[in-house]
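K.L.:
Quick paste of what Swiss-Prot says about this protein:
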- C901, C904, C913, C916: Zn(2+) 1 binding site (BINDING)
- C926, H945, H948: Zn(2+) 2 binding site (BINDING)
- C937, C965, C967: Zn(2+) 3 binding site (BINDING)
- H942, C959, C963: Zn(2+) 4 binding site (BINDING)
- 351-360: compositional bias 'Polar residues' (COMPBIAS)
- 393-494: domain 'RWD' (DOMAIN)
- 346-365: region 'Disordered' (REGION)
- 103-143: repeat 'WD 2' (REPEAT)
- 146-185: repeat 'WD 3' (REPEAT)
- 189-229: repeat 'WD 4' (REPEAT)
- 280-324: repeat 'WD 6' (REPEAT)
- 900-920: zinc finger (ZN_FING)
- 921-970: zinc finger (ZN_FING)
Amino acid sequence: MAARWSSENVVVEFRDAQATAMSVDCLGQHAVLSGRRFLYIVNLDAPNEGHRKISRQSKWDIGAVQWNPHDSYAYYFAASSNQRVDLYKWKEGNGEVCTSLQGHTRVISDLDWSVFEPDLLVTSSVDTYIYIWDIKDTRKPTVSLSAVAGASQVKWNKKNANCLATSHDGDVRIWDKRKPSTAVEYLAAHLSKIHGLDWHPDNEYTLATSSQDNSVRFWDYRQPRKYLNILPCQVPVWKARYTPFSNGLVTVMVPQLRRENSLLLWNVFDLNTPVHTFVGHDDVVLEFQWRKQKEGSKDYQLVTWSRDQTLRMWRIDSQLQRLCANDILDGVDDLIDGISLLPEPDKALQPQDSEPQHSSGHGDEEALKEDFLNDLLVGKKTDQLGLPQTLQQEFSLINVQIRNVNVEMDAVNRSCTVSVHCGNHRVRMLVMFPVQYPNNAAPSFQFINPTSITASMKAKLLKILKDTSLQKVKRNQSCLEPCLRQLVSWLESVVNQEDSTSSNPYALPNSVTTPLPTFARVSNAYGSYQDSNIPFPRTSGARFCGAGYLVYFTRPMTMHRAVSPTEPTPRSLSALSAYHSGLITPMKIRTETPGNLRLYSGSPTRSEKEQVSISSFYYKERKSRRWKSKREGTDANNRPIKAAGKVIIQDISCLLPVHKLLGELYILNVNNIQETCQKNAASAMAVGRRDLVQVWSLAMVATDLCLGPKSDPDLEIPWAQHPFGRQLLESLLAHYSQLHDVQTLAMLCSVFEAQSRLQGCPNSYGPFPQRASNLASHSRYPSFTSSGSCSSMSDPGLGTGGWSIANKDTEQTSTPWCESSPDEFRYSNLMYPDHREREKDQHEKNKRLLDPANTQQFDDFKKCYGEILYRWGLREKRAEVLKFVSSPPDPHKGIEFGVYCSHCRSEARGTQCAICKGFTFQCAICHVAVRGSSNFCLTCGHGGHTSHMMEWFRTQEVCPTGCGCHCLLESTF
């Protein structure tokens, strides 16, 4: 068919618009052009008679604009600008912004109104989120969809109210808004970015994609691995959209090197040559949309907007529309007009499951016409795909030369009888085909007499036939001939198994092992979207173990990659669908026989089918004739097969700063710190750690009893404030933090914690745990999470979120003796009304060699070392270290009432006082400590058990303590 071309019918120029997007309303009356400063509303009935403007204040261009497609909301349109979508209302010649939708964090790439629900709008963005908005409640999106990559296109399905599609670079995801957690299907559509996406107006499963890779592809998302058809082009395709009539498609190309900027009209059933060319634009066509058909007219109008700042309208007459129709539908109108004159069909030719025609009224006549038209359309589409149109055609195409098989076919009753005779076994089976076959409807199989196989063999055979038929009908393919071949192959395998057993009289009967079929079995192919969250299997890897071992595995010598080593390994199993669909060089799948049903076999063989499996990604077929002849002459069952690579466990304890032997030799004698330091120094000398010998020698000197602090702060400065006190210890901890020696860190912290307890220093966690947590946040050892996995046998309650090892300078950050900051002074004044109490508390902190501000970090050292000891099996040593882990109170969360202890009058939280350990309050009626549910008056502070208070105030109005407070009235807000 020769390509036709035409010029436009209406041309309107807008030189000052500088518009980047255009949209036509559902009534066909107005078009909106989106510029940076103004939105131009054009009356399409009189485009040359001036236009209206809506001013906008934004430095961002409009990326997408679209009118609401419903007549009742025809005056609404949405426009996206950077991260925001503005909803405009155009009514009676005036336009204004109604509201804005704000939720995306990156630029919005596309938007689309729902065809079924006028209030729903979907937006896509580079921030990887797709939001569905309800314009009646614009505070937040009603549905949120999340993908790995940013979305460039989003379109609602035109036949399914819950379905929508998004494009992400070269991929397409199909979503169901009722299941927002994951996509329904995944299409590896193109190798380059997708510029256009459009659903078929009549088929809910079909869509078209246009891409930078110079092609338009047609998809049925129920068959995601192979496109239905492809339109190859010489240049990238900017847009491709279906026409509202017949089976047309309009494409806009991205011009290269000053080529013509024309639109092309195609017939989707004949993509060899465009049926029409729209010539006229001088620059890139940015947008095109269809205008609603006028009443009483069969013509359509195509409205286009180009970068040359011209709006053009093209008339599509009935002659052009017929060019997009199928050849088989030429003259269908005449056939439909005379269809009522057709004679009544012979009842003997009707299938049994057809419904009789009870009347010849107008409704039945219309239904018959519609069925006739649908049959023509379906028949034409089926011919295009090269598939059988009817069950009778499938029967005629079956290869009746299959050995040992006799098939009696009955197309009228939609059934066939299969007879197979192999060896001593005979199988006769009735196959019934449903009306929907093969459209995702599998046939049924039933054994009939005479059938000689056992009941267990019948069950196995039925399972094989059902699996084979389901696999085919899911792709809308015929399954009769594949089922027949499976039936014959299975019977032959049973006969061969029996012959091999009878030929060896000394063979023992095997009642446990089920004989495997001898027919070729193809390993599973992967690549569906359900596999997108499954990582691609590793063939090599390494992992450090917390017990001082490195575990690694390698690829066996027989395994080679079938693609170039420079090609990246797929990140997930779903990526293999690209290989399957032919987008990337396909790989041969190996055929597995019963002798080598393994994932990684040492002797792959050839197959005629090109599918993708995990193993085929790594196998490379060898073409050496010498190797091939040697392989054919060797029995696969007798040749040793290396199923996988080696797993190697390497001892790397010599590379680590921690030593298992030191963990066994170290001691923690809380009654004699000097002896502990001395023996630990000897243990370090035994393993060759001379640096630790010096460390433990310094620790022994620092913990000498003669350096113990005095109880009176006025007598002398504590040794901890000496340069060789806390400052020296902090420098040691900082040094071994840089070396990641958690063993030394934990042991030093435990020893000096034990020394502080012997000196009678209080726990760093006092009655105000908030203070300790605030100080700990300024520790010089900022925490990081350890990546080592914990043993499943360890106590989860003692696990740590990580211990901190950082490269920090060792300047002194502890508070000098008898010095405090203004904040600390104000805080201490709130805590201690008497300055002597404050000075005493400060002295208790200054006596400690370990800075109380870092107590939480020191606990992390001990917990981490405790996990290492657990992995070494030194559980008693672990218990000794964990004894020195402090037990701070739970951090305060939320809002609760403060309580003064009834005994010591100090502030307390909870039912027990942290100072005097007594119960904080008593019931005003029973004078027993309150531990459970309680009620108190916010005015007088009195109260007690809830049950007692309720019983009291049923008859009384004043407080039970006699304070005179009317608690019920005072507590009413």
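Any Cβ shown, glycine's included, is placed from N, Cα and C.
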K.L.:
Under 8 Å Cβ to Cβ from C916 (Zn(2+) 1 binding site), same chain, six or more residues apart: give me those in sequence order, or none if nothing qualifies.
P.N.:
C901, H903, C904, S906
K.L.:
For the Zn(2+) 2 site (C926, H945, H948), what does the 8 A shell look like? I mean other same-chain residues with CB within 8 A of the CB centroid.
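P.N.:
Counting only non-site residues, the set is C923, A924, I925, V928, V930, G944, S947, M949.
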K.L.:
Based on DSSP, name the secondary structure state of H945 (Zn(2+) 2 binding site): helix, strand or coil.
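P.N.:
It is in a strand.
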K.L.:
Which residues, same chain and not among C937, C965, C967, have a CB within 8 angstroms of the centroid of the CB atoms at the recorded Zn(2+) 3 site?
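P.N.:
Close Cβ neighbours, site residues excluded: L938, T939, C940, H942, G943, V958, C959, C963, H966, L968, E970, S971.
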K.L.:
If you count Cβ atoms within 10 Å of the Cβ of C926 (Zn(2+) 2 binding site), leaving out that atom itself, what do you get?
P.N.:
11
K.L.:
Which one is it, among the binding-site residues C913, C959, C963, C965, that lies nearest to H945 (Zn(2+) 2 binding site) by Cα separation?
P.N.:
C959
K.L.:
If you measure C967 (Zn(2+) 3 binding site) to H948 (Zn(2+) 2 binding site) at Cα, how many Å is it?
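P.N.:
Cα-Cα distance, C967 (Zn(2+) 3 binding site) to H948 (Zn(2+) 2 binding site): 14 Å.
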K.L.:
Do any residues at least six apart in sequence from H948 (Zn(2+) 2 binding site), in the same chain, have a Cβ closer than 8 Å to its Cβ, and if so which, in order?
P.N.:
C923, I925, C926
K.L.:
If I take the Cα of C959 (Zn(2+) 4 binding site) as reference, which of the binding-site residues C913, C937, C965 has the closest Cα?
P.N.:
C965
K.L.:
In the same chain, which residues outside the set H942, C959, C963 have their CB within 8 A of the centroid of the CB atoms that define the Zn(2+) 4 site?
P.N.:
A924, C937, C940, G941, V958, P960, T961, G962, G964, C965, C967
K.L.:
To which of the binding-site residues C901, C904, C937, C965 does the lowest count of other Cβ atoms within 10 Å belong?
P.N.:
C904
K.L.:
What is the three-state DSSP composition of the domain 'RWD' (393-494), stated as helix, strand and coil residue counts?
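P.N.:
Its residues divide into 39 helix, 26 strand, 37 coil.
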K.L.:
Give, as a single whole number between 0 and 100, the mean pLDDT over the repeat 'WD 6' (280-324).
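P.N.:
The answer is 88, the mean pLDDT of the model over that range.
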K.L.:
With Cβ-Cβ distances below 8 Å as the criterion, list the same-chain residues six or more beyond the ends of the repeat 'WD 2' (103-143) that contact it, or say none.
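P.N.:
Hits for the repeat 'WD 2' (103-143): 63-64, 66-70, 72-73, 76, 78, 80-85, 87, 149-158, 161, 164, 166, 175, 177, 180.
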K.L.:
Can you tell me the CA-to-CA distance separating C937 (Zn(2+) 3 binding site) and C963 (Zn(2+) 4 binding site), as a whole number of Å?
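P.N.:
Distance (Cα to Cα, whole Å): 12 Å.
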K.L.:
About how far apart, in whole Å, are the alpha carbons (Cα) of C965 (Zn(2+) 3 binding site) and H942 (Zn(2+) 4 binding site)?
P.N.:
9
K.L.:
Translate the DSSP assignment of C913 (Zn(2+) 1 binding site) into the three-state scheme.
P.N.:
coil
K.L.:
If you measure C913 (Zn(2+) 1 binding site) to H942 (Zn(2+) 4 binding site) at Cα, how many Å is it?
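P.N.:
Checking the Cα atoms of C913 (Zn(2+) 1 binding site) and H942 (Zn(2+) 4 binding site) gives a distance of 18 Å.
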K.L.:
Per DSSP, what is the residue tally for the repeat 'WD 6' (280-324) in helix, strand and coil?
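P.N.:
So the counts come to 6 helix, 21 strand, 18 coil.
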